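Accompanying notes for the structure given below.
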């Protein structure tokens, strides 16, 4: 029987990481939990985000996952090291992979980070980037409206274009040549962000690099699945199953997927 890779996120954003993982590892089984009912995590304090992240973690661990991907930047910043220390399965976040990808892409060591308020205030990206390259200069920008645009399914709309243009205006006057999408919801807005920032700016989706690290970690722990056993992906949400399904079907190209509603916390 296949063991699944577990993914947790504040909502649908982590599906951008799932998509990249399934591209690279098509034999793997996925269990995904999106805490849509309590989304967004960005404005919440670190202790509350850590509590919610543990609740999601325990839910998936109880279902026998072999690895955990914290597919949410805010949750990674709040709880990754504590969870990694206490679980006996491999645990990975999305901040280090995104930082590594940005440093590969930049030509002038000037990098912008787009994130939730919680991720920006945590200084997790500047810390990670400077830990890998002390010469790098980082401009961080909180984009609190992006998550709600994605969660409402408006990420291809004229509203999305307006929100992106208004939010990213401060970055246009900087000399950054690389932008990290420091929230896993943001890749759904990537075409609009790329269009606004222009050809000279590389836009980094940490999902691709995260997927490569998932593959390497599974290989290291001898957990890679290459069998043709039947795959049964499972998707859980604390919010609307229909909204979740509409976005997930579009993003993952899984027309027959089912989504289960669950409750977390008290």
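Glycine too: its Cβ is placed from the backbone N, Cα and C atoms.
Since the structure is predicted, the reported quantities are computational estimates derived from the model, not experimental observations.
The annotation substrate binding site is assigned in Swiss-Prot to 9, 10, 41, 42, 73, 74, 184, 185. The active site, proton donor/acceptor annotation in Swiss-Prot covers 72, 183 and rests on sequence analysis.
Around residue 9 (substrate binding site), the C-beta neighbours below 8 angstroms that are at least 6 residues distant in the chain are 15, 17, 32, 33, 34, 35, 71, 72, 75, 184. By neighbour count, meaning other C-beta atoms within 10 Å, the densest spot among the active-site residues 72, 183 is 72. Every protein chain shown contributes to the tally, and the Cβ of residue 184 (substrate binding site) ends up with 33 other Cβ atoms within 10 Å.
Largest Cα to Cα distance within the recorded substrate binders 9, 10, 41, 42, 73, 74, 184, 185: about 12 Å as a whole number. A gap of 7 Å separates the Cα atoms of residue 74 (substrate binding site) and residue 183 (active site, proton donor/acceptor). Of all the binding-site residues listed (10, 73, 74), 73 sits in the most crowded Cβ setting, with the most other Cβ atoms within 10 Å. Residue 41 (substrate binding site) falls outside any helix or strand according to DSSP and counts as coil.
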